[in-house]
Amino acid sequence: MEEFTSANPSGTSNASTLQRLPGAIIIGVRKGGTRALLEMLNLHPEVEVAKNEIHYFNLDENFRKGLDWYRAQMPVTLPGQLTVEKTPGYFTAPLAPKRIWATNPAVKLLLIVRDPAERLVSDYTQVLHNRIQQNKPYQPLAELLLSQEHINPKYKALQRSFYYQHLARWLELFPREQMHIVDGEALIQNPFPELQKAEKFLELTPQIKPDNFYFNVTKGFYCLLSAGHDKCLDESKGRPHAPLSSEAFQKLCRYLRVPNQIFFRMVGQRFDWC
């Protein structure tokens, strides 16, 4: 299938720009730091990123539009540049692994993870914020998470935090070495080492430097600095989390302990989660 070509003012063939299918996809996790990872990778001159979440492989109405539509959502790139897109909904979508594999079995996959208990709270917080903005009713997190003082396994945000269940579908098709696991907590606390690992996985020449990052004391997290311009994540990334009692949070942590251990064994990495 042909790539889409952009006009070339110079008239030289080697400078032509094309819309190419992504060579790497950030597949998740939702509320794990996917936007931060995408923005940080975009610091690299050999990387161009899709600005929006495409939701091609997880939404049937988009998938039916076909591969030409998907490619048309991509940025134009020069030869040798890497196109990266991110849609965190891919990780938990049952059909996404097969669809991505059928499109490009050699694509590199990035999965950024964080403590699944904290991820759940952040997930709820985003939904809560959206419902308040739209003047829609909402339930307290404790009511959704707990049923008669027991963890409710049917709560969707909890199901998204069972990382091992979703990962199993991907590893049925993609070899482990084709997926890079990014530590979401480490990325926020000290971005540069995590970006070095990502550069190596993506086979990029090392170009991102420690001075591309600075800690914004007001916001409480790192911002990006490139060519004299700084960029901070949008306000939702620093949004206070919804309250959940310490007792309920610890109950959630205990509930997730075994699923987390299974995930650690699957990826060959351990994380300092609750």
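Each position is counted from 1, following the chain as shown.
Note: Cβ is positioned from N, Cα and C throughout, glycine not excepted.
As recorded in TrEMBL:
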type	residues	note
ACT_SITE	Lys31	active site, for sulfotransferase activity
BINDING	Lys31, Gly32, Gly33, Thr34, Arg35, Arg114, Ser122, Tyr222, Lys237, Gly238, Arg239, Pro240, His241	3'-phosphoadenylyl sulfate binding site
DISULFID	Cys223-Cys232	disulfide bond
DOMAIN	24-254	domain 'Sulfotransferase'
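Distribution of TrEMBL features across the structure.
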residue	record	Cβ neighbours (10 Å)
Lys31	active site, for sulfotransferase activity	23
Gly33	3'-phosphoadenylyl sulfate binding site	27
Arg35	3'-phosphoadenylyl sulfate binding site	18
Ser122	3'-phosphoadenylyl sulfate binding site	22
Cys223	disulfide bond	17
Cys232	disulfide bond	16
Per DSSP (helix/strand/coil reduction), Cys223 (disulfide bond) sits in strand
Here the Cα-Cα span from Gly33 (3'-phosphoadenylyl sulfate binding site) to Cys232 (disulfide bond), rounded to a whole number of angstrom, reaches 13
Cα nearest Cys232 (disulfide bond) among recorded positions (Lys31, Arg35, Ser122) -> Arg35
Rounded to a whole number of Å, the separation of the Cα atoms of Arg35 (3'-phosphoadenylyl sulfate binding site) and Cys223 (disulfide bond) comes to 12
Rounded Cα distance in angstrom between Cys223 (disulfide bond) and Ser122 (3'-phosphoadenylyl sulfate binding site) is 20
If you measure between the CA atoms of Ser122 (3'-phosphoadenylyl sulfate binding site) and Lys31 (active site, for sulfotransferase activity) and round to the nearest Å, you get 6
Arg35 (3'-phosphoadenylyl sulfate binding site), DSSP three-state class -> helix
